[in-house]
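Before any comments, here is the structure.
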């Protein structure tokens, strides 16, 4: 570093890693006085050649440029503005292709160069900038609810096991294994468990994807697949639960009948079962209607009884059989009996009919999901409890069935005299060989149907057990608990369906009664359906009917999980991760196949009913929106299109403005929104954004409340725009967040639009710093930047608020008048005084402004009317006039493109565009022809081209005085102080404008003041003015000086737009 006469030449060498070699960029030749190292003068560029012949061209950031590109410094830039500037005036070479044969492609200075060329960046960075905020989600909100919540054992496991351990366990399980043999019997149980397990996995995923409210399978399916599927399956699922009441009650009645039959108190089985069943269901209905407070505690008691009964079966198999039990076919564990029961022996049945009868025993897996709202942690409880219940009950069914198959023969006479005497030479073979080898002759069962054995006696479990009454108690517990649960579930599901108003004709059943909103009408309907099926009095007939309906429900639950997973919706975030979309699809197909296997004509009827209900709901189009996966599939299509677009590189011909507009609430700054809408219309992305400043806990409510409200307002006003908002500690942080994360793929904003901060001289410095910081951030993130200034300001929030309050008051007045009319019809008028009071306090004022609770002065009305008129001018068609474009610096063409887009809109079609450029004295015509040629190549028409060659003149003393008065409150005036005092002032008031800063940027300041004079002179009558925005170097130009530049530049002008592109081409003349 050399030094002569208090000046020095600064050489900066920036090493840029560009593997496998580095590039060297040398800034050389800038001569600055001592103490003015941060001045605005740009360095010249020296190209450094490397051994391989390439040339490194610096851009201040270490990015090289392609070979064949060069930086051209037009001398007219210096003479036009009176000082050296790195900014370039518009030039055709900036828009050429890299391989152009008509001329070399010039590279304009990047936005980063203009903004950061003198910014020192630490190699290692500042560790403080990497300090991560605390995990805001680590502290969970306290649950202040005092309601009783169930854990996964009591809330899910117990309930599911009680529902799965139903009537089949003690009454039909031995019969199933007698018919199918324990070989195919295992297949029956395993196939049932496969269906329920896949459904349980799918249900676990759906249940943990949000709060599940009342409605069971209906709620799960409707909220996942939409009202069409949910409405059709809701009726079927409610009906299946109603029929399940009949099945469990008939099972209970059969057990009671067998007990009474022993006492010779019952003779006619069918009628007696009907009578017992009807009496039982009446008692259950009374309990349901009266209240279920005892249910939670009773669940544990019922479970204990069931467990004891199951253990009693296992204990009974090892107790030596008495002659009476042997006569009924029980021989303790015997290998010959076990092997004899291996093969099937279907009697008037087949595998599928037996499976159809058993399958309802596997239902009940939704018992825990139905009360998810009462669980402490449903996301953990439902998967754990449901799947564990399926596993435990499946093992229990297998264990009990295999024990019975190893100890009980299929047929027995029950006659203790049918023993084989000792010494009789009888060959034991055939179906009764096992009994024969144990000394019993049951061969008569081949001729006459016997009453005992696993094929004939439904009370085999009672005989096998160690203590028969425990089995009876277990049967009662299983059947009554399941029947009661179904009797409660069916009306609840039906009520949820009716409350959603899917079927308007069923609205009658939506009404609830009492503090718990009990569906009394649904109870009565369920009771009628249950009684109708109880009259069938045959468990084997009722069970297959339920099987088809439950399988249809399970099929749609599996399909719901598959469809939601396939849609890839961001809203599909189940906490339970152990599921697979293809396994869910397999489960859905399996359920459909099993339906046909059980009963093909019943399956067809079920599907016909589903299709009919689906079409009915689709045609009726209920007014509901549950965010179904069907909607998500539509979104997926849009995402796929966006991803396809992402795979295509950006091309300058396809550039379109995509605006991020800091409007606050969209209706508060109509001029800014209307102008952005003119830029994007229906062809580009427009984001209206709002930053809520303050603590999150205080502002997040306003944010959430405004999201949908503001988006609906945009839709209502037919503004093709999106609304977005953030909460931050200050405005700059919020805007920075929006700049960084807004958009998706190619659908990202590339332009920041803001309003000019009119009150910058009266607000706190923090607000000014935050405002200018947003501009700096936009430059850093390479956004094009647009500032709109209206003479009267942009914010009309106070007028909008007054209008809303007035309209609310008018509505209240209308409501009062309606009430008064009703009372007058009754001979009363008690609301007359209130109406009079309301009329006195609500006063409309003018065309757009409203006063609430107090009349406005005529002056205030005039001001508000004028403000509203000015800020809505872009909603009206613009008259004949001009759009004056002052394209002073080449920013990629955005300053020219945006006003051109305006001229293509209907509102601005009568406006002609005039172009103003900077030119060198003596070559005005040449510069004009060059610009004319460029516009012709761009195919952009303009009415006039003006070349301004007197930018370097000093501004008038009056205007300079206006500028000095503007910055006077923010000046440091350290030049009149001693060196020590001046240094202290600078340290204490770093934000103020120093004398040194004014001296350094005197020429750029003069330019802004002079430019305002030229604008006043040439564009005072324009409809709209577009000017290239000046850039302040980060860290060199103080915030107040930058605001003063923007203010003095746009002062006392028609609506003015300051535009600065990101210095990447948005225009091209190539086809």
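Backbone N, Cα and C define each Cβ position, glycine as well.
According to TrEMBL, the features are:
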type     : residues : note
COMPBIAS : 829-838  : compositional bias 'Basic residues'
COMPBIAS : 839-851  : compositional bias 'Polar residues'
DOMAIN   : 74-121   : domain 'Amino acid permease N-terminal'
DOMAIN   : 155-660  : domain 'Amino acid permease/ SLC12A'
DOMAIN   : 669-1071 : domain 'SLC12A transporter C-terminal'
REGION   : 821-851  : region 'Disordered'
TRANSMEM : 156-177  : transmembrane segment
TRANSMEM : 183-212  : transmembrane segment
TRANSMEM : 233-253  : transmembrane segment
TRANSMEM : 273-293  : transmembrane segment
TRANSMEM : 300-321  : transmembrane segment
TRANSMEM : 351-373  : transmembrane segment
TRANSMEM : 385-409  : transmembrane segment
TRANSMEM : 467-488  : transmembrane segment
TRANSMEM : 523-543  : transmembrane segment
TRANSMEM : 579-602  : transmembrane segment
If contact means at least 3 Cβ pairs within less than 8 Å, sequence distance 6 or more, would you call the transmembrane segment (156-177) and the transmembrane segment (351-373) in contact?
yes
Take a look at 273-293, 300-321, 351-373 and tell me which one has the most Cβ pairs under 8 Å to the transmembrane segment (523-543).
273-293
Over the span of the domain 'SLC12A transporter C-terminal' (669-1071), how high is the average pLDDT in this prediction?
84
Same-chain residues near the transmembrane segment (300-321), Cβ under 8 Å, at least 6 residues beyond its ends:
154, 158, 161-162, 165, 169-170, 330-333, 396, 399-400, 403-404, 406-407, 461, 464-467, 470-471, 473-475, 477-478, 481
Same-chain Cβ contacts of the transmembrane segment (351-373) under 8 Å, 6 or more residues past its ends?
150, 155-157, 159-160, 162-164, 166-169, 172-173, 176, 179-180, 184, 188-189, 191-193, 195-196, 199-200, 203, 207, 211-217, 220, 244, 247, 344, 381-382, 385-386, 389-390, 393-394, 397, 482, 485, 489, 492, 539-540, 543-544, 546-547, 550-551, 594, 597-599
In terms of Cβ proximity under 8 Å, which residues at least six beyond the ends of the transmembrane segment (233-253) contact it?
166-168, 171, 215-218, 221-222, 272-274, 276-277, 280-281, 284, 360, 363, 475-476, 479-480, 482-483, 486-487, 489-491, 493-494, 496-497, 502-503, 525-526, 529-534, 536-539, 542-543, 545-546, 549-550, 552-553, 556, 606, 609-610, 613
Residue list, the transmembrane segment (579-602) vs rest of chain: Cβ under 8 Å, 6 or more residues beyond ends.
191, 194-195, 198-199, 201-202, 204-205, 352-353, 355-356, 359, 544-545, 547-548, 551-552, 554-556, 558-559, 561-562, 565-566
